[in-house]
There are 2 protein chains.
Amino acid sequence: MSAVSVPPPKRLQKPLVVPHRHMFGPGPSNVPPRILEAGANPVIGHMHPEIFEIMNDIKSGIQYLFQTQNNMTLAVSGTGHTAMECAIFNTVEPGDSVLTAVNGIWGERAAEMAERIGARVNSIVTPPGGYFTNAEIEQALLKYRPALFFLAHGESSTGVLHPLDGIGQLCHKIYSYFICVTLSDSVMSVLTGIDILYTGSQKVLNAPPGTAPISFSERACQKIFNRKSKPVSFFLDLSWLANYWGCDGKASRTYHHTGPVTAFYSLRESLAVLVEEGLENSWDRHQKVAEYFHRGLESMGLKLFVKDIKARLPTVTTIVAPRGYNWKDITSYIMKTHNLEISGGLGPSVGLVLRVGLMGRNSSKHSADMVLAALKDALQHCHKSKV
Amino acid sequence: MSAVSVPPPKRLQKPLVVPHRHMFGPGPSNVPPRILEAGANPVIGHMHPEIFEIMNDIKSGIQYLFQTQNNMTLAVSGTGHTAMECAIFNTVEPGDSVLTAVNGIWGERAAEMAERIGARVNSIVTPPGGYFTNAEIEQALLKYRPALFFLAHGESSTGVLHPLDGIGQLCHKIYSYFICVTLSDSVMSVLTGIDILYTGSQKVLNAPPGTAPISFSERACQKIFNRKSKPVSFFLDLSWLANYWGCDGKASRTYHHTGPVTAFYSLRESLAVLVEEGLENSWDRHQKVAEYFHRGLESMGLKLFVKDIKARLPTVTTIVAPRGYNWKDITSYIMKTHNLEISGGLGPSVGLVLRVGLMGRNSSKHSADMVLAALKDALQHCHKSKV
């Protein structure tokens, strides 16, 4: 038995201390106690029948959340980025043409992921806060004839809810597959043309980050299960995931990876909360709270970054960074004084906006009022240059 | 506002029920309440200063666990398989020669992962339960001149603890990098030649599955940060992870992905438990309990699958599947009658063995006695054919 040469770190002899904080940024948002407590249930095996039942519950819950009958619906054992790679790795083969719509960070990241696995990537780009018309999208689809088209439904970096009506049909007309990221639960029946849809657990679902709901259409599965090369990732190979999630019709499940069972408990509970409220009620509440919040901002003289009312995300609001202020002073002041997170921009929107997320349990007039009061206070107390 | 077409699933209207169970398989193992409770702390932001402190604590704890001064030490936001892909994706470029030592499932999976990203993969293979001599390894290294050599230190599918003394030096002599998986905390100072080492949170650390400690040597970083092509995965790109974990010396951290913050809480707590006990005490306890358990098995007339005493994992014991029985009858009987998980083989060891994991808090004489009693009971009550 050798002696240890690296001594025990003193910092681990102090107890874990986690502050309570109002999480009104673009996610993670506050997790209700019942969801946190669900995650503290005892660990059982990742292949035990009870876990398969819980996974079946999750599958049903995601089908409800996404309003889809897709059989290939599951949660990836990882974050939203893992789900994004799962979607791209499974659909795209080296040399495939990929088109990404870039109106914020997600299109950029999708392009980067597809490039890394040898796709020929083209992008259409519009400044942060904007979105694409169906005519622009059709033109690009005809020009690049992509095997895959990526679009962010909920562009959390800019606060844009992208109109989706008819885009799926455009893609299918030229044999492209349509992949889409969302962070809102405002997924409506117009989404029927989407082939792959995913989100992160820590957005409106109010679960801790660490799992990511994803759904593949029959059409997407056709492409995926007839590809010539294996996907680059064994861990994210849909044929394995489909088996682990009981989506491949086989009688038994083979060990693939050790699912994060406690994260599955939390995710299930977050879906149960959604089922309790009802999806329509949740949509309605998010929409009304967003409108209430937006009116409050405008009555303070603040400007909304997304001009087109219909293209405003009900979950993440972007506010034009107030003139004369350093946006970092505002977010820091609010964190320090109000113990409340709102954030600046991300990727292309850095410096342009403040971002406020009111999602899941945080979507309430009470939370909106807290943010409005904190902003008012910050604008009075933060340094303002005389422009 | 469209109406919902997929109705709320009834199965989510029932409360979550998770049974208590003795988890004496190869992992996950039982998670002590204080670690589960740590994970139920409130969610804060993945970029908040308190999370960076917690991540620094985790980094120190992993350095202690692995007995390494490696600066590039962190936890991957995913399972053990994610860490495995992180190691292989970052080190291997298309066309690189990779050598895997296959004496169970892990070498097979490493080969599969490396093949998928275009490596030229060769394997040395020995039957389950065996391991490789340094001479065999040197011969293969000289023959294939791999850029990367993969070996499982703790081969959980067969119960083999692979001797490691001198292997790192052999690799370095021919300019190969040495990657290694372990599930035991019996990592001793002989491991100095290892370039990449990883494990899963759900093994001896007793945290829930969902994070995976990993460490890269200075030498491994030299290769990784001088590669010609980008790794296939953006999510697992070490240059991004290094920044998120504060391992790259930069003053600020850029948003990469949303870390599973509550899983980080649990992982930190599990490392604090290890620090409290002390690594040497933990090694000693695992070793003594394993020897006690092995004596108990032998006195019942059961045979240990790994003949060489020195090559027996102190955490996962493999028992030769008892003659005349269907191994599934035994594991099912024990689950049903004793609410206790032991498992069959995995990959190459299916049908050959029963596997018992006594890890972390489950490494105690009391747990060993429970398993021995359950096995005795099963051998009396399960159907035995008259061979």
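Cβ coordinates come from backbone N, Cα and C, glycine included.
Annotation comment: TrEMBL describes A:43-346 as domain 'Aminotransferase class V'.
A:K203 (N6-(pyridoxal phosphate)lysine) falls outside any helix or strand according to DSSP and counts as coil. Take the CB of A:K203 (N6-(pyridoxal phosphate)lysine) and look out to 10 A: across all protein chains shown you find 28 other CB atoms. For A:K203, the entry in TrEMBL reads N6-(pyridoxal phosphate)lysine.
A C-beta separation below 8 Å, combined with a sequence spacing of at least six in one chain, links A:R355 (substrate binding site) to A:G25, A:P26, A:S156, A:S157, A:G159, A:V316, A:T317, A:T318, A:I319, A:I342, A:S343, A:G344, A:G345, A:L346, A:S349. Residues annotated as substrate binding site in TrEMBL: A:R355.
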Assigned element (helix, strand, coil) containing A:R355 (substrate binding site), judged by DSSP: strand
